[in-house]
Amino acid sequence: MNRVGAVFLFVYERNFFLSIVPDRHRTEIRMSSSERSEVKFDKHFNWWSLLGIAFSLSCSWVGISASMAVGIASGGPLLIIYGLIIAAFFSLMCGISLGDFAAILPNSSGGSFWVLKMLEQESVTLKTPEYEDPSDDDEEVFLENYCQTFNVEVSSKFQKVSSMVVGLLNYFGAIFTTASICSSLSMSCIGIHKLLHPDYELKHWHVFVGYECINAVLTLFNIYSTPLPYISQFGLYTSLLSFAMTFIICIVSRSDNTVDPWPKASNIFGSFDNQTGWNSSGMAFVVGLVNPIWAFVGIDSATHMIDEVGYSKSRFLVPKVIITTIIVGFVTSFIYCVGLFFCITDQTAVVESILPIVEIFYQATGNRNLSVFLQCMCITTGFVSGIASGTWQSRILQSFGKSYAPFYKEGSLGNKSLKKLAVLTPGFKSPLYAHFLSQICVTIIGCIFMGSSTAFNAIITACITLLLMSYAVPSFIFLFVIKKEKFIHRIESDVNCVSRPNRRRMSMIPHIICILWTLFCLVFLSFPYTLPVTAGNMNYTSVVYAVVFCIISIVVFPTCI
């Protein structure tokens, strides 16, 4: 028997042994062979395209400039500079914890699959095949079958519900991320118009119209999956080029200004400007952290591209991409912020501006047209970020549908709906149902919030905290619910029998920090951004949480009956 045949024999034997375990002890997830043989993704993502989609999505230097209004009002340049250091450190810890899981259990469902696998209680001991010299094909086939939901023994409602909740938290976090990108791009376009027409008065419906138009255009780019690796690489190169050009042009242009003196370093690194109304500068600093934290949103995107990378390669590529994205994001955003803050000649005008970054460009260059050009480069980069976010959210929903359709009664609405979301449309090789449903959700969010600045803050806070919760739950289960040493030994003994060993040690420290950071953000980012609190400036993030958990309850409840 050849090696590939032996791998399939292992999967068959596992299902046979599980089938003899009494039903009262387990609920096996089963999918028909026809469901498993449907259209699959092409494995056409490599290191550069995977890094491209991850970095294009977070795009820290653009994120920090697009949401600068909150940070500037909460503490000025000092908050953003030191906030970036804080956000980068904790994001790195979260990234390491994600990389730990992705290295041993590659699956496009990400955290939801890891939770499902960690809570698995094996009733029988299965012997895995051993090879003297396994080939790459053997390794890929084995991992693709081993790291699938239909090969996980589901023995409790807690296991089932926990994994689904994590998957849905991750998905809604991605949805709100796309919404925040559309909103920031709309504000960027309006900021250009304001610069060229100083008498312009901002209306909320202007932001709303721009939001919906941008969302409609972004929808078109994820219909075909074939160009996505090239778009991702284009986004990576465009982002780095735009960063370099805008930074250099601003610094050089500011150097030619002999009228206005350079700001003192003490004003940038040591002066805290609290305009929030909070009496406590510490509290003002904390609520303003939403700006630098948003610069590192979506660091898990690479974990959801496993099907388009390959299960074998992803064990090594995904952790490296996550860490590289965070490090490069911090370096570019930190340099960018420090440089541009030295270009400010009138901080009051920056604070009062519709879009502070455009005002900084104008103060640095003294030329409206050149400032518009620089902002257009940022918009182009942000547009690719929106495409990457659309890819990310559709992959989460597609993998969720594929993994959890069997949890529902065959023929039920939930079963049929998730099966539909899992389908890849032939010819497009893209999950169009998942993609269009996700874009509709983004459209609905825009209709609810109608372009208010308070709504934008709630959107970016929701995307931060929902994603962090989806990162923290697997870490919490790994540390405090299961016997972690036994789990690691079991996975390594299963996977490394055919796959090349991955010598990663899962340290407790990043997982503990990830949990604590999530709790911190969940509590403190829910406080009002400014005082006194009115209906217009209230932090509505808690309302978002309530709605999201109501929807999650409706989706998950039928699986518990």
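Glycine residues also receive a Cβ, built from the backbone N, Cα and C atoms like all the rest.
Swiss-Prot lists 1-49 (among others) with the feature topological domain 'Cytoplasmic'.
Sequence-distant contacts of the topological domain 'Extracellular' (71-77), counting only residues of its own chain at least 6 positions beyond either end whose CB sits under 8 Å from a CB of the stretch, comprise 64, 83, 267-269, 271-276, 281, 284-285, 287-288, 291-292, 337, 341, 344, 347, 350-351, 356, 529-530. Residues or ranges marked as topological domain 'Extracellular' by Swiss-Prot: 71-77 (among others).
Taken from Swiss-Prot, the feature topological domain 'Cytoplasmic' applies to 99-160 (among others).
The topological domain 'Extracellular' annotation in Swiss-Prot covers 182-204 (among others) and is backed by sequence analysis. Outside the topological domain 'Extracellular' (182-204), and at least 6 residues removed from its termini, the chain residues within Cβ reach (under 8 Å) are 66-67, 210-211, 213-215, 218, 353-355, 357-359, 362, 368, 371-372, 375-376, 378-379, 382-383, 386, 442, 446, 449-452, 455-456, 459.
The DSSP breakdown of the topological domain 'Cytoplasmic' (226-230), given as helix, strand and coil counts, is 3 helix, 0 strand, 2 coil. Annotated topological domain 'Cytoplasmic' per Swiss-Prot: 226-230 (among others), in sequence order, evidence recorded as sequence analysis.
Under the heading topological domain 'Extracellular', Swiss-Prot lists 252-281 (among others). With a cut-off of 8 Å between Cβ atoms, the residues of this chain six or more beyond the topological domain 'Extracellular' (252-281) that come close are 73-79, 81, 287-288, 338, 341-345, 347, 351, 364-367, 370, 529-532.
Residues annotated as topological domain 'Cytoplasmic' in Swiss-Prot, with sequence analysis given as evidence: 303-321 (among others). The predicted model assigns the topological domain 'Cytoplasmic' (303-321) a mean pLDDT of 92.
Residues or ranges marked as topological domain 'Extracellular' in Swiss-Prot: 343-369 (among others). Among residues of the same chain six or more beyond the topological domain 'Extracellular' (343-369), those with a C-beta under 8 A of the stretch's C-beta atoms are 65-66, 68-69, 72-73, 76-77, 187-188, 190-192, 194-196, 202, 246, 249-251, 253-254, 257, 260, 263, 273, 275, 375, 378.
Look at Swiss-Prot and you will find 391-439 (among others) tagged as topological domain 'Cytoplasmic'.
Summarising the annotation, Swiss-Prot assigns topological domain 'Cytoplasmic' to 483-507 (among others).
Within its own chain, the topological domain 'Extracellular' (529-540) is flanked in space by residues 70, 73-74, 276-278, 287-288, 290, 452, 454-455, 457-458, 461, which lie at least six positions past its ends and keep a Cβ under 8 Å from the stretch. The topological domain 'Extracellular' annotation in Swiss-Prot covers 529-540 (among others) and rests on sequence analysis.
Feature annotation from Swiss-Prot assigns transmembrane segment to 50-70 (among others). Residues 80, 84, 177, 184-185, 187-188, 228-229, 231-236, 239, 242-243, 288, 290-292, 294-299, 301-302, 305, 309, 317-318, 321-322, 324-326, 328-330, 332-333, 336-337, 340, 353, 355-357, 378, 381-382, 384-385, 387-389, 391-392, 453, 456-457, 460, 529 of the same chain sit 6 or more residues outside the transmembrane segment (50-70) yet have a Cβ under 8 Å from a Cβ within it.
For the transmembrane segment (78-98), same-chain residues at least 6 beyond its ends with a Cβ under 8 Å from one of its own Cβ atoms are 64, 68, 71-72, 110, 268-273, 285, 288-289, 291-293, 295-296, 299-300, 303, 319, 322-323, 325-327, 329-330, 333-334, 337-338, 341, 468, 471, 474-475, 507, 509-511, 513-514, 517. Residues or ranges marked as transmembrane segment in Swiss-Prot: 78-98 (among others).
Feature annotation from Swiss-Prot assigns transmembrane segment to 161-181 (among others).
Long-range Cβ contacts of the transmembrane segment (205-225) within its own chain (Cβ-Cβ under 8 Å, at least 6 residues beyond either end) map to 41-42, 178, 182-183, 185-187, 189-190, 231, 308, 383, 386-387, 390-391, 394, 428-430, 432, 435-436, 439, 442-443, 446-447, 450-452. Marked as transmembrane segment by Swiss-Prot: 205-225 (among others).
Tertiary neighbourhood of the transmembrane segment (231-251): same-chain residues 45, 48-53, 55-56, 59, 61-62, 221, 332, 335-336, 339-340, 342-343, 360-361, 364-365, 370, 374, 377-378, 380-381, 384-385, 387-388, selected by CB-CB distance under 8 Å and a gap of 6+ residues from either end. Positions annotated as transmembrane segment by Swiss-Prot: 231-251 (among others).
For the topological domain 'Cytoplasmic' (303-321), DSSP puts the residue distribution at 18 helix, 0 strand, 1 coil.
In terms of C-beta pairs under 8 Å, the stretch of 161-181, 322-342, 370-390, 508-528 lying closest in packing to the transmembrane segment (440-460) is 161-181. Under 8 Å from some Cβ of the topological domain 'Cytoplasmic' (226-230) lie the Cβ atoms of residues 42, 44-46, 49, 52-53, 391, 429, all in the same chain and six or more residues away from its ends. Distant neighbours of the topological domain 'Cytoplasmic' (303-321): 40-47, 50-51, 53-54, 98-104, 106-110, 136, 139-140, 143-144, 147, 225, 392, 395-396, 399, 499-500, 502, 504; these residues of the same chain sit at least 6 beyond its ends, with a Cβ under 8 Å from one of its Cβ atoms.
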